[in-house]
Structure formats: structure tokens, C-alpha cells
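Report on the structure given below.
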Amino acid sequence: MSSAVLSPDRYINRELSWIAFNQRVLAQALDQRTPLLDQAKFSAIFSNNLDEFFMVRVASLKSQVEAGITTPSEDGKTPLEQLLTIRERLIPLLQQQQDHYRKQLRKKLLDHNVQLLDYSQLNKHQQQWVSDTFRHSVFPVLTPLAVDPAHPFPFVSNLSLNVAAVIHDPESGQRQFARVKVPQKNLPRFVSIPTELSESDPKPIHTAVPLEQVIAFNLDLLFPGMSVQGHYFFRVTRDADLELRDLEADDLMLALEQGLRKRRMGGEVVRLEVPNDMPEDVVEMLMNGLAVEEEDLYRIDGPLGLDDLFGLMALPLPKLKDKQHSGQTPTVLARTQQHLIDEGAIKPEEFESIFSVMRQQDILLHHPYDLFSTTVEEFINQAADDPQVMGIKMTLYRTSKDSPIIAALIRAAENGKQVMALVELKARFDEDNNIQWARQLERSGVHVVYGVLGLKTHTKIVLVVRKEQEKLRSYVHIGTGNYNSKTSKLYTDLGLLSTRPELGQDLVELFNYLTGFSKQQSFRRLLVAPVTLRKGMESLIRREIEHAREGRDGHIRAKMNSLVDPDIIALLYEAAAANVRVELIIRGMCSLYPGREGLSESISVVSIIGQFLEHSRIFWFGNGGSPEVYIGSADWMSRNLDRRVEAVTPVEDPNLRGRLERLLELYLKDNRGAWDMQSDGSFIQRQPEDGEDVRNSQVQLIKQWSQGVPQS
């Protein structure tokens, strides 16, 4: 467990570090070098990230304040002080986002004949079409709810967009309120209008108006006989974190389902978003009805819920998007694709099973540059159909809908193989999906387990056991990312395919640890949390310190999502004091101060934000000239090291190790998506020097793969 106590001047608050990360995401939207529709995408990601941050992190801090907890975080801030600072940091970012939407995005889309219009900008023909559409496609699903002494304040669901209508009763003379929920789950946020109705010349490629405005300007149909005096939009965010204590739940699935029902009904409101021009009496009515305080209120200068800008990526305008990368099949696996026989691309006698290739060498996969479908999915598909395969075991943390991997596991069970799937039911915001997969797998004869009591299983591992010449051989995949067909195209992740006996035996014992009563305390090659990973990582860092103290080169390079563990940070400061060179590539939260005189002068931190979400974890240690490199599922966070099951594997093939070393070098030289962390914790985006070529690491990797997938 983490035990280091760092003074506030040595530790950056994790919540504020997260906001700095999301600010870098927003910067991608504001950067005019980013293609226009990708600007919309990054703005949507910024909003979506912020929703989850409020639902989990802000909700947790508010709960602490309500419980009277004043214990400071590692940087010396109480929960209340953190909440106030979060608000202070967010308000200017939200204004930047709205300014970009209004002054940049909409105007520049118009230059490309894409019209995102307000209702007031529609011509009479468009308004008539919208009114007709409202009557037959929107009106029937709306439910206006009155707010008065006879009608209690209606429940407002999490992340819902709503219309607050101000109604005047001509008979009584009373001014009343009503709430109408915008049916976003049933209808698109932006209503497409036939382009031929436009009076523009040339005709637009796409014309749309926000659904909430369509509803607002037709409220008279919802309140016949009444006078609609005004309408105002509002959006609510609720506490959505599930508090699950395994020891209190005999049936984890039942407990989760109850928790999910509670989440859908909604926890306490943690954020209320309203437009700047909402009258104070309407604001007061909402605040009282939703039981929110002034610090929970965010006044927004523009449309609410900009996460819906994701929908613009569907527009058929490739010139306004980053060039799409379809991925490649590694050359070494080119003849392992069953579909090539069906398509006549190779002869049946030319086919080579993926198992045959794995017996000859370790294979390093790098997604999305390497196709997930022709590598990891093909591995599991061939295992499901191969008569010599006796069993398949794997962990599932987040998988996609209509998952080919789930289908393969079911087929394997139907083919008589022993199949075990560890489905992590507690994967946040994927719980419902995972419950459905678990039930489907169980019905098909797959042994389904839910992991170790009190721990979340985050490791990404597959074990295939195959009978060969009366002996059993283990084939393994150990990765950094989820077995998810969709995110494999959006996230960068690494995976190792191997038949090394020690790795195979380690996975056999790790799965026994996950499914039985094993108290395994050591592994041959793997570093496993919560058993050996923390000790192993600390030992590797200390070894670099010893190398440096004895006059050899001490050098650490590590790439991960987040670095917030106090013990690891304290040890890295100790490494810096010994003059170990520490180069960190941290996409998200980083609580360490780099480059501080007398503390961390030899430590540098860079963050890469690009077309793909950087998700791979790599740990490289110079070891006095005999480097060792590891990949796996864990960040340097207390939860990964102590409260989750994680697996990190050494990459022992010299060629593959060299590939990873060159990959780290490529990231460190990036001058397009890279942000350098300063000694005060702020970030500055790198820019090419005059005459210097732009080095975008992700674009360079796409180019490398298009010219032939690296094999060594």
C-alpha cells in the first residue's frame, strides 16, 4: 500500500491535474491545425470527459464535504477547497469551448456548406417543415410536467437536457412553470432539415437545428389555452458512482443490478447547467427543486451538452477529418487469415495457423496500426475452432456490443472446449453491458467468474491451452488494452503473443488465483498486482538508483496514462537526487513536479494528445547498459498497484525490445501532439522550430505501417 507522505510542494492535486489534461484535450479543438470536424470531436470529448469527472470525482468530494471530512489531500487541500478550485479552473475553459463553437466551428462549417442553425435562422419553409416534423415525430413522445403546489418537482434524470417553460394562465392570471424532457435517447440531438428547403446558393450539404429548439418553439402545442412566456434549457448531472462492498453482497450481480437501478434513478445532483440569460426566479426554482447550491450552478454562454457534437463526425466530408487509418495485418501473420482462403487470396496449402507462427517467435502487436480483428480476434477465433485446443481462459473488462470475441468464446464452448471468462462486472459505466454478456456466456456453457473478492480485475490476458504430441502447450496474449473491437480502432495499445513456457505457467497460476482460493505470492516472469507489481516496480527503480550511485548510467523511460501514487513519486524524486535520468510520457494525470531545482532536475514529463487516445503502458529500465522493458495494464496509481488485479510482462525478444525502445524515442521527439510539463505543473505545447519538420508520432506510425508493418 502507498505510505509516502509528500509535502504539498512536492505533489500536484490529482483532480487539478486531471483538469489540466482535459484542458489539453480542449486545446486540440481550439487548435486551427486540427481538421474542422475533428475540432468538433475533441470538443465533444472534452464535454464527455467532464460529465464523467462530475459524476465520479466531484460527487466523491461533495460526499466528503457533506460528511464533514476535512482531511487534506496530499497537496494540502481539503475536499471543500478542492471543489472551489475545480470550479475556478473550469469556468474559463467552458467559456473557451463556447466561444470556439460560436465564433469558429459554426462559422467555418458554414464555409463548407454545413449549416448548424438556430430556429430563429430558419426560413418560413424550413420552419414549416420543422413544425410538421415536430407534430408527427416529436410531440407524441413528450411529457410536460407541471411544477406547482399540486405537482411536486419532477425527477430530472442524469445528463438529461430539459426545457423549463414559463406559462401564463389567462384565466387565473398566474405565472407557472413546467418541465419538458428532451428525448435524446429516442431522437437525434440535431434535427436534419432537407437541404432543398434552403434559400442559400449553393445549396448546403447539410442543414440541422437543435432538437431542444424545435421543442421550445412549438411549446404552444403542448400547452393549449395557455400563453408561453418563455423557455430556458437546463441540464443536470448526478452522482453516478456505485458504492459496492463485496462482503455485504452474497450475489454481486444482484447487488450491481440494484446499484444500476439506483444510478438510473439518480444520486444527488452535483451540477446544474443553465444558460446565461435564464431569469433569476427560474434559476431559483430549479435550484430549490433540485437541492443544489450556488457552487453547483454553471451558467453557460451557449448550447448545453456539447458531447453531442460527436454526431458531426458522421458527415461525409473526409477533407474535414484526420485521414482515417484502417490498420494492417502484421506481415508475420499474413498467411494466418482463414478468410483469405475463402476469398481465393491464398491456397489452402499456403495457410499457416496462428499457433504455428507463435511457436516460432514472440509477436508484438501495436493497435490500431495493427488490426485487432486479424490479430487478437483471429487468435481467439482459431482457438475456438481448432480441435487440438483444450481450453481458453480470458479476462473481459470492457468489450464491444456485438463482440466477435464473445461469439468466439460461445462457439468454443459449443465445440466442447473448457472455456472460462472472467467478466469484471464493476467496470465503471460498463456494468450493465457486462452483466448481459456474463449471462449470455453462462447460458452457452462458458464458466463465468467475477474475480477476486475486494479487487477489480483490470488485467488483459488470454490463455489458450493446446494439445500437441501428447503434451500441453500454452499460448498467451498479454495486453495493455481492452478486448474491444470498437476502442481498438481509437486507442493505442500494445499486446504480446507468446508461447514462452514461463509466461504460460504464470498465466495458469494467475487464472487459478482469479478463479479459486489460490494465495499465489510469486510469479516467474509476470509482475502481478496486488501481489508483486508494486515491489517489482520499486525494485526496478531502485536498481537504476544503484547504477547511478555506482557511476553507471541510470535511466528510466516510462509511458502510461496516469502517475499519482505517492510512493512511486517519492522514489522517482530519490532517483533524480541520484542523477538518474527519468523520461516520462504521461497522457493524463501527473502529480509529480518535473525539472525542479534540488528536487527533480533530471525528470522530464511529456503528454501526447492526438488522433488516437494514447493508452499503452511501457516501462523501460536502462539497467546499466542491459535494458529491460515491460508492457501491461497498470498505471502508476495506488488503485492499479494495490486494489486491482493487473499483469505486466517483460518483453524479452531483443528485436521486440528494440521496437519498443524506438517507439519511446519517437514519442519523446514528437513536436505536434506533445506537451511539455513545466516545473510549476503547467504544460506548454511543443512547436516545431523554424525550418524544423513537424514530427507527429501518430502520423509517423501510420506512415511506417503503410510502408510495411515493423517486424523488428
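Every residue number used here counts from 1 along the chain in the order it is shown.
Note that Cβ sites are derived from N, Cα and C of the backbone, with glycine treated the same way.
As written in Swiss-Prot, here are the features:
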BINDING   N49, Y491, R587, H615  ATP binding site
BINDING   R398, R428  Mg(2+) binding site
ACT_SITE  H458  active site, phosphohistidine intermediate
Cα-to-Cα gap, the residue listed as 'active site, phosphohistidine intermediate' vs N49 (ATP binding site), nearest whole Å:
20
Chain-internal residues, separated by at least six, CB under 8 A from Y491 (ATP binding site):
H367, P368, G481, F612, L613, E614, H615
Given the recorded ATP site (N49, Y491, R587, H615), which additional residues of the same chain have their Cβ within 8 Å of the Cβ centre, ordered by sequence?
N561, G588, L613, E614
Chain-internal residues near R587 (ATP binding site), provided their CB is under 8 angstroms and they sit 6+ positions away:
F21, M560, N561, S562, S607, I608, I609, L613, E614, H615
What count of other C-beta atoms do you get within 10 angstroms of the C-beta of R398 (Mg(2+) binding site), across all chains shown?
19
Helix, strand or coil for Y491 (ATP binding site)? Use DSSP.
strand
C-alpha of R398 (Mg(2+) binding site) to C-alpha of N49 (ATP binding site): distance in Å?
17
Return the residues near N49 (ATP binding site), defined as same-chain residues 6+ apart in sequence whose C-beta is under 8 angstroms from its C-beta, sorted by sequence, else 'none'.
N22, V25
Recorded positions (H458, H615), the one with most neighbouring Cβ atoms at 10 Å:
H458
Among N49, Y491, R587, H615, the record's ATP binders - longest CA distance, Å:
15
